[in-house]
Amino acid sequence: MTSQGSRKAVVFFEVEILDAKTKDKLCFLDKVRPLHKYYPQWYAARQSIRLDPKGKSLKDEDVLQHLPVGTTATFYFRDLGAQISWVTVFLTEYGGPLLLYLMFYFRVPFIYAPKYDFTTSKHWVVHLACMCHSFHYLKRLLETLFVHRFSHGTMPLRNIFKNCTYYWGFAAWMAYYINHPLYTPPTIYGEQQVRIALVIFLFCQVGNFSIHIALRNLRPPGSKTRKIPYPTKNPFTWIFLLVSCPNYTYELGSWFGFTLMTQCLPVAFFTAVGFIQMTVWAKGKHRSYLKEFRDYPPLRSPILPFVL
């Protein structure tokens, strides 16, 4: 219904909310009143409001007047389930590997034979690997607290169990073998291999951090603005010329270096699985960039320059 004022037309909307699965009417809104006022168990973070039952969720910044609806608008609601903040998720899934690895490094009781309790390895690469692994996850924890800006504040609670199983499980598996009393360091190229691996690891860690800073600076505090990331004066960001998601490229490089350093099969397997998952994420983000920005640089690949 449109009401004519002096010079401005004021449009009044009536909104009905239907369950996306059953099509049952949940409520009818003729006033500006949030859905969770009617259903307190469905707080804002767990709501998905759509124009079509199988369509995409509307964004928080979408304006009713700009949507393709009439004066009586029908929307479909889907419950996203219990939610948890991204910060909590990241702190949990990154804090676990840090603590677990240190338990194996210090050989706390009940992990290896009793005679090895609280002993240390005689191989310097084992101590180096512990420092690198700890540095990596401390960096991730600090970035979560002070660097990352999340476009979505929450994620489904069930995901934390899946994510922790992945990160914690792999950390324990890797740590068990690297810190095992019978572990043997790289023998073919020896110390030279370990030193090269350390350079690769540190180079990629700095690169990964540089990309995270560059991405952070693209989004003002409290904003969900999306922009095309471009290289900055920092040389580590110049890879943006060829790759859409260089943070994943550097992450892959770090774990490749760690694999080369430890020459441990579980680490190699973790690197391979991580590469597959990061490729899926990178391809998705790359497609999103191409769809959203018409002037997106055509030479960029999702994760590996000219390859993938």
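Placed from the backbone N, Cα and C atoms, the Cβ positions cover glycine too.
Noted in TrEMBL for the protein shown:
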{"type": "DOMAIN", "residues": "13-79", "note": "domain 'TECR-like N-terminal'"}
{"type": "TRANSMEM", "residues": "84-104", "note": "transmembrane segment"}
{"type": "DOMAIN", "residues": "154-308", "note": "domain '3-oxo-5-alpha-steroid 4-dehydrogenase C-terminal'"}
{"type": "TRANSMEM", "residues": "163-182", "note": "transmembrane segment"}
{"type": "TRANSMEM", "residues": "194-215", "note": "transmembrane segment"}
{"type": "TRANSMEM", "residues": "236-258", "note": "transmembrane segment"}
{"type": "TRANSMEM", "residues": "264-282", "note": "transmembrane segment"}
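Within the same chain, the transmembrane segment (163-182) stays apart from the transmembrane segment (236-258): fewer than three Cβ pairs sit under 8 Å, each pair at least 6 residues apart. Counted over residue pairs 6 or more apart, the CB atoms of the transmembrane segment (194-215) and the transmembrane segment (236-258) come under 8 Å in at least three pairs, which marks the two as touching.
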